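Record features, source TrEMBL:
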{"type": "ACT_SITE", "residues": "His699", "note": "active site, charge relay system"}
{"type": "ACT_SITE", "residues": "Ser915", "note": "active site, nucleophile"}
{"type": "ACT_SITE", "residues": "Glu973", "note": "active site, charge relay system"}
{"type": "DOMAIN", "residues": "795-984", "note": "domain 'Tail specific protease'"}
{"type": "SITE", "residues": "Asp916", "note": "site 'Transition state stabilizer'"}
Amino acid sequence: MQRYFMYPDIRDDLLVFVNDDDLWEYNISTKEISRLTYNMGVVTMPRISPDKMGVYFRVMTGKSADSSDIYYVSLNTGEISRVTYLQGRSTSRRMYTSVAGFTRDGNPVISTDAYYPFSSPMLYELKNNNLYPMNLGPAMEIIYNGDGILIGRNTVDMPHWKHYRGGTRGKILYSDNGRDFKIIVDLDSNVNSPMIVSNRIYFISDHEGTANIYSCDLNGKNIKKETDFNEYYVRNARSDGKNIVFQMAGDLYLMGNGIKKLDINIKAPKLKSLQKSISMDDFITSYDISPDGKRFLAVSRGQVYSSGISGGPVFNIKKLKNQVSVFSKDCIVSYIYNEREGKILFHDFNGRLINEKDFNDGIIRSMVISPDGKKIAIGNNRFSLYILDDQLNLKKVDESESGAILDFSWSGDSRLLAYSYPEKKYFLSDVGSSSIRIYDTVNDSIHQVTTPGYIDFSPSFSSDNSYLFYLSKRSLDPVQDELVFDLGYQNITKPFAVPVRSGVRPPFIETLSENNPGDYDLNNLDKKSTAFPVDSRNYEALVAVDNGVLLFHFPVEGYMKYYLFSNEKRTGKISFFDLAKKKEEDYEDHVMDFSVSLNKKYLLIRKPDSYIKKNTGDKKTEEIKIKNISIMIDPVDEWRNMLYDAFKLIQENFWNPEKVEALGRKPYEKYAKLIDKIGTRFELSDLIREMQGEYETSHSYEIGGDITDVKSVPVGKLGIDYSYKNGKYIVDEIYYGDVSNENEKSPMLFTSISRGDAIIEINGVKLDEKTNIDMALLNITDPVNIVYEHEGKLCSDYVMPMRDEKYLRYRAWVERNRDYVHKKTDNRIGYIHIPDMGMNGFNEFFRLYSRESKLDGLIVDLRFNGGGFVSQLLMEKLARKRIGYDIPRRGVITPYPEDSVDGPMIAITNEYAGSDGDIGTFVFKQYKLGKVIGTRTWGGVVGINPNIRLIDGTTVTQPQFATWFKGVKYGIENYGVDPDIYIENMPQDFLNSNDKQLDEAIKIIMDDLKNYKKLNID
């Protein structure tokens, strides 16, 4: 049986590796093999202890394997123990928290970002169950070599971005004395897996093409290529100082006296590839209700399931991968695609195939059946609109250059198709322009209903076909920002009606004459719209039903909890507008979304914890027991489909069609032939990442998914630093945060515990060398009783631990820097830090900018900026030039424009500033706002749509939107932005608690201040 081997390590004849998400031991000489773990989660990155008595390894838990900790297994007894309680963050591309190496005493060194505000792992020595900071700065690897020390900075395996050359590329640093480090290996590529063999440094690099193993001397000179593979990348190499092992294409290789592939034969089933039962509801991507209101269908894990509303057998259309599935009058219509074809399938209600139609123009994203069941409106990802008739004739009726046409509705007589036509679309936001059009199937003509320039959407014909209703974002009424001087638009959407027949009057205007509907009159529709007599709201959808209109709307609320990969469920309300009464009424609360039957008689409504059927006429409701339905899945079939799906999405969405055409099917075929080796969902992730990496572009991610059934057990956090001294756990630092932020309320805020106190006991558990504070807080989510020693007296207090203390640590980091700048400049220079270009970074900017911009100069810290999309908004604020003042009789003089900086500015950046952090750094330079100091940025500026999912919920992103700038064109991608003054904080700077970059920024801006001519009032 073929296997997919990963993460080898070696000491003499002892080899360990990962397969089937578990840790295995193999004797190279005797070929004996044994399994060391079973179903702990996802095991990765094993490291054999120097004494060969055991193996340290990382275990990732949680459904998407997003939590990491280190465990140890004894090779003598097989006993397993947990050695860290960090819950380090993990994603498939950035697996933080690992064993970086071993000290001269044989203690493991842990690399983790758990105690740092940013995604930059630091080194900690694990000694007697406690972690001690080594203060060497960001590092993933450490090797002791006599008196010397090697450090691998950013030396991570990057299969998802091959030929990476940006600022965060791996580098190797070396010190002969363990204190003064120099960068000795810094190639025009990523460097990873550093090792030392016979006083030469070995490492993996792809600077000459395919990744191979290279070596150099201890000064980084005399580089020599040691392997010469051309098809697959050499990855995850380890050495015991004599031999080297590595993985390639799911196989393990031994490199000593020559290179050989190891023939490892595991006689055990791939248990995680067996069929299993899951809850259908956990993976539903779309659903519908039949015209008679008696059946529902749901697409879950790429398959269509249908059953009675009140129960009964569940029929399954076993076709992967179903994208869209809807009820017609007498059948179920579905769209699937696989590596051979795309098809529209017609099944009866028992799941029997009755007809089919090929469709290979991209991927269908939306289908709407006409009321007579004879036509299907189809929108695809290539911005085209099709109609398929009952003779299976397919006709393209419109296409857009700006966006996909996915929002459409049929008239009741099945003649007219109304749709929202994208006029203009920007990838950074939903703001664009769309108009309503009508396609007349009888005359084969398109008619403009609304004028371009606004956002018109959700068209729906009245039940008598006299009116077309739609929503439009055009009721402009600005709202003043409550924090800064700015205006914005919140509730600007209203429903509108336009008559589409002759003899029909506007519905909300009192007239003496009655409606006398005639034939369709589609001329001059753009002049006939009338707004509903309702207030503007955040309307999301409109559906016309008998006697009225259903209006779905959401409350205006902050975006933080829904940002990016959030799992928060947004809910809104459905209201009913009675056309006779001309009045809006409440209809249904707590609605996530809904589907309407073909005849508009029934709704299927999804709520956070239930599904309900609701009659649109008498409003009668019935709960549907969807959550009780279990389904069987075949992981092997799913994995094959998901690998192809990831490839198909790249073909459709990758920004550069020339590159897609040049590579063709090669990336898929290269890794599809390895699919029989894999036996777990995580091993599939590795294949997908390697395939995505063939396109050599940023933001090629595979995130989340149904990786493991092993749940992550929470560890409570107290928001403190502590150390073990003289048999007691001493509180060295308390992080209080900003009490105005919910995620920054320190557990210690309302206690009497102080720095220097000793924590003796937690919830009755006595702390000692073997039981530390984190261990005592395992699986703690409720308040705990802490016994502590204060000035020699025992005291106790109750504390509510928190789940994540990173925000506390971030606030302390910012305030420490701000206080340092103020003190060093006699309060003349302000300081702000922007952690990302998303919601959090936007907040952080405005939290401090108004205060700090009033000083004589400003340091803008962009280091560790995680990207996002708001850089242009923030740079616009920084670019304001002060030209005057508002002078009141009493009170404070205000600059014009407000919050403008009248003084020099300087930006600090580093290799961890990326994506929109790259762009922010570049724009700061381009706008000539001031000098930029630090290191070259990450270098990834091809944007993505983070909302595309595979059938198990995995997010896959395709580099979709390239970024071009004057002066550098496409040059930021896979390079980064160079600072004006290059300064890198080295390990010795961290050892000495120096921030060389911040110190240089202060020095330069104070020099600039001497020559700056301020705007003074005459």
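Placement of Cβ uses the backbone N, Cα and C atoms for every residue, glycine included.
Automatic prediction, not curation, is the source of TrEMBL annotations.
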### DSSP state at Glu973 (active site, charge relay system), helix/strand/coil
coil
### Summary
Rounding to whole Å, the Cα atoms of Glu973 (active site, charge relay system) and Asp916 (site 'Transition state stabilizer') are apart by 11
### Query
Mean pLDDT, the domain 'Tail specific protease' (795-984)?
96
### Summary
When each of the recorded positions Asp916, Glu973 is scored by other CB atoms within 10 A, the minimum falls on Glu973
### Task
Mind giving me a neighbour count for His699 (active site, charge relay system)? Other Cβ atoms within 10 Å of its Cβ, every protein chain shown.
22
### Summary
Row Ser915 (active site, nucleophile), column other C-beta within 10 angstroms, all chains, value 27
## Note on the structure
His699 (active site, charge relay system), DSSP three-state class -> coil
### Query
Is Ser915 (active site, nucleophile) helix, strand or coil when read with DSSP?
coil
### Query
Roughly how many Å separate the Cα of His699 (active site, charge relay system) from that of Asp916 (site 'Transition state stabilizer'), to the nearest whole number?
12
